[in-house]
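*Asks:* TrEMBL lists these features:
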{"type": "DOMAIN", "residues": "B:82-594", "note": "domain 'Cytochrome oxidase subunit I profile'"}
{"type": "TRANSMEM", "residues": "B:12-33", "note": "transmembrane segment"}
{"type": "TRANSMEM", "residues": "B:45-67", "note": "transmembrane segment"}
{"type": "TRANSMEM", "residues": "B:105-123", "note": "transmembrane segment"}
{"type": "TRANSMEM", "residues": "B:143-168", "note": "transmembrane segment"}
{"type": "TRANSMEM", "residues": "B:188-215", "note": "transmembrane segment"}
{"type": "TRANSMEM", "residues": "B:227-254", "note": "transmembrane segment"}
{"type": "TRANSMEM", "residues": "B:266-286", "note": "transmembrane segment"}
{"type": "TRANSMEM", "residues": "B:318-342", "note": "transmembrane segment"}
{"type": "TRANSMEM", "residues": "B:421-443", "note": "transmembrane segment"}
{"type": "TRANSMEM", "residues": "B:455-479", "note": "transmembrane segment"}
{"type": "TRANSMEM", "residues": "B:491-514", "note": "transmembrane segment"}
{"type": "TRANSMEM", "residues": "B:534-555", "note": "transmembrane segment"}
Amino acid sequence: MRGRPVLVMVIAGVVASAIGIALGLTIHWFPTEASTQLGDIKTLYDVIIIVSVPVFVLVMTVVIGAVVRFRMRPGQEDQDGPPIHGNTKLEVLWTAVPAALILGLCAYSYVVLRDAERAPAATAPKEINIAVKGQQFAWTFTYPKDVAGGKALSTTELVLPEGRSVKFDINSEDVLHDFWVPEFGMKIDAVPGITTHYRITPNRLGTYPVVCAELCGLGHSVMRSTVHVVTEPQFKKWLGGQNKPAAPQGASPAQLAAAGKQIFTGASGCSGCHTLSDAGATGQIGPNLDQVLKGQSDAMLHQDIVDPNAAIAKGYGPNIMPQNFGQTLSESDLNALVAYLKEATQ
Amino acid sequence: MSLRAPGLPRAGLGALIGVGLAYAITVVARALYGWDPVVDGEAVLQVALIGAPFGFLIGLGAFDYWFYWAAGRKTRPEDHSSHGAHSWKDYFRVNTDHKVIGIQYTVHSFFFLLVGGMFAMLVRAELAEPGMQFVNPNAYNGLFSVHASILIFLFIIPVFAGLANYVLPLMIGAPDMAFPRLNALSFWMLPMAGIMFLLSFLAPGGSFATGWTAYAPLSVDAPIGQVFFTIGVQFAGASSIATALNFLVTIITMRAPGMSFFRMPLLVWANFSTSLLVVIATPFIAASQFMVLLDRALGFSFFDAAKGGDVLMYQHVFWFYSHPAVYIMMLPGFGIISEILAVKARKPIFGYRMMAFSLLAIVVLGFTVWAHHMFVSGMQEWIRVPMMITTAVIAVPTGIKIFSWLATLWRGVLHLDTPMLFALGFLTMFTLGGISGVSLALIPFDIHVSDTYYIVAHIHYVLFGGSLFTIFAGVYYWFPKMTGRMFDERLGKWHFWTTFIGFNLTFGPMHLIGIQGMPRRVADYSQQFATWNLFISCASFVVGLSTLLFVYNMVVSWRAGARAPANPWRAMTLEWQVSSPPPIFNFDTIPTVVGGPYEYGVPGAVHGVFKGAEVKTTAAPAGAAPAGD
């Protein structure tokens, strides 16, 4: 690169940019796309890559080019470079071009944002409105009466029909949380005292994790749940089955305990925080149930679940366990859970 | 060892008296209100955390001069017995010499770099595998919170103040800082914050565990360890406000004859801009933490929604400091890089005036972008778009700086020694951090990645690849001036390459796992991120070990390195025109500045002359006329 350093660098820069962009667009950056909103964000990210790779390559090319061509060679120890102080044309150029690029990106982002937050058209299937409540350390989802068939339905797992816009109204019982399904792309904080919102349109069947993205204390990393995206008929069927008890009336103790085990390891999220060897649970946020529940009566076990502050295990503070299991679990579910805990710890 | 003379023994006694006073105040106050006067442990602790540090500082002698003056006793204004260091013990006393204070600051900050780095290693060890291995979730949250708080408040911000404390008065031809005693007090407030952050691990319920952001209401309900942060930050903040005022007055009033604003080295410009930011912004973090303290200690309800408090207000007040704080952690580094690139490329800084103006532009814009941290916070929706635009636009003055540095390199004679390698490493890594910063300004993308490892990657590219690389560059660059010894160049290069490679392998993949959905600040994560996390942890240990190379090099070279000449880099700025280390009042004769600071390649040009030397005026003032290319 003796003769035409700038030409060599331009060629190297163009080639490196092309490779960089190709690589950037090939890498599987995002989780599975399960909402139209995440699709738009992915396109925006592709544009970001196309704009920013050449900027980075430009800086790298000049640094490497200068190091290769202008490094001090033996005998140059006392030499200086030419006393160049500036060049107005260049300085205007490198102020104006980045400014234009950046304003362009902002304009495009604004369009993406507006699309992501727009309410569905009147012709589209009716939007579902779900209330999301965050608390240390669990999510509760409430389906409105008109969707759930006359009676509001609260669950600890989220089930959504594919292709219908969903609007989440989010609030918090205690501290800040952040309601996020990575596969949906959108997120917002759950803030005590106000209700926040976002909407997504699920567009892919499957089961995805719900996480809390805002540090909310001891159990932040286990504040997880699950969202199932199902077809419209499956959604209707699930809604219909929700108000039925987990274990039928008059079930045998063994049946009851089996149903309780399912509740423990599944939707209610007990296993995220507690250790219970019978259920294979190894959570360390709350007390070890193998030890603390030994010898407790049914009534005490029931109280431990619905009013956890009444008796706190040694070494643990109050308000760590959610206090609304009495509302989110039906009476028959509670009975099943108590039966199971009794069987598993005694 | 007299308990009556100022010094560490009396400081220890002072701290004890502070605790006793806290106990007495609490008992009296409780009795006056008719409550059971016997101790409430938390109340005493909260008052003691304020009382004990002041007792310590008074015992140390930090206020002696002012107390003497206030009491009408003789103040000995001409006695410079507290100036200069004769043995290592003098670094543990209240000293008013800016060079001693500079070294106190720098060494103290690097101690906390090692502590904070050690916490980072523990965090990465825990994250190497899914599940909990070494620590419980509470200890984990404490580790990353203390890690960030220490590295921000006790390393990056003060270490820049330390380096500038040493070189800035020399650079502008001043004998000392404008307020030497305030300067000493500023330094001694810092260890208070550091000790509090570390002692918090001994508090009942563990260390503060709400992140360095300490968001309410989590921080209001947190165990008592949180108060160690709430109050510790006040000492760190007061220290940086006092230092910034000192810098502003020093720069405005104490420049050598002939040093106009546009003949100041860019490091001086950078610290001038930073000091403006500090003076305006830092009171906001003090406010946010005082509100948390009042909520906790006295039952106020700034942030209690159930009693009409506003949770989001915390974030607005907090980020109105903490976004400008990012520039408080960047601008001094920009100054360091400008010094090093000009000297090591043997060329004048390209576009000197634009470099100075872009610093001021960043200061102004830095206050217009705070809410870009809050795109998913649930704040008013309309604030988002203006914040997106101002945030993205701040990349323009930053870009001007990067392109000007590149043009400074072009056609120079590049000396690729350790300070230069770190400067070039900074250029490339900070560019990446800047680019990911622009992507975060774009609201829809930010919504997806905020509170994920993409943010962790971005902030480490900015503060590690950005700030820390400039700090390393500056420490190597001024090491001969500060110690009178040369460092080991071979070890320095090893340090650079292991840090550079280890850093990229650690933080590069975090962009990917962040976009894929790994939230930040989690003690445990799902199985799908296991492979990358193991890789990242291994790479982070390389970075950790590389720091030991640096420490070894600095300690051994300081004790037994080759003697440094006055001006080993053939630099033009004034600090290199005096002996290494400089005489006790910096200059035997006051210099007169006759040209720009970077007139490399101009035959016969000098920046300053000393009385008796011949005055040459062939040098054009920096940036006066574009010479063309």
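Note that the numbers count up from 1, one per residue, in the order the chain is shown.
Using the three backbone atoms N, Cα and C, a Cβ is placed for every residue, glycine included.
Caution: TrEMBL annotation is automatic and unverified by curators.
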*Asks:* Counting Cβ pairs closer than 8 Å, which of B:105-123, B:143-168, B:188-215, B:266-286 has the most of them with the transmembrane segment (B:45-67)?
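*Replies:* Highest pair count goes to B:188-215.
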*Asks:* Are the transmembrane segment (B:421-443) and the transmembrane segment (B:491-514) near each other by the rule of at least 3 C-beta pairs under 8 angstroms (pairs 6 or more apart)?
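*Replies:* Contact criterion met.
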*Asks:* At a C-beta cut-off of under 8 Å, are there same-chain residues at least 6 beyond the transmembrane segment (B:105-123) that contact it? List them, or none.
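*Replies:* For the transmembrane segment (B:105-123), the sequence-distant neighbours (Cβ-Cβ under 8 Å, at least 6 residues beyond its ends) are 91, 134-135, 140, 143-144, 146-148, 150-151, 154-155, 158-159, 161-163, 165-166, 187, 190-191, 194, 198, 475, 482, 540-541, 544, 547, 551.
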*Asks:* Can you give the mean pLDDT for the domain 'Cytochrome oxidase subunit I profile' (B:82-594), rounded to a whole number?
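*Replies:* 94, rounded to a whole number.
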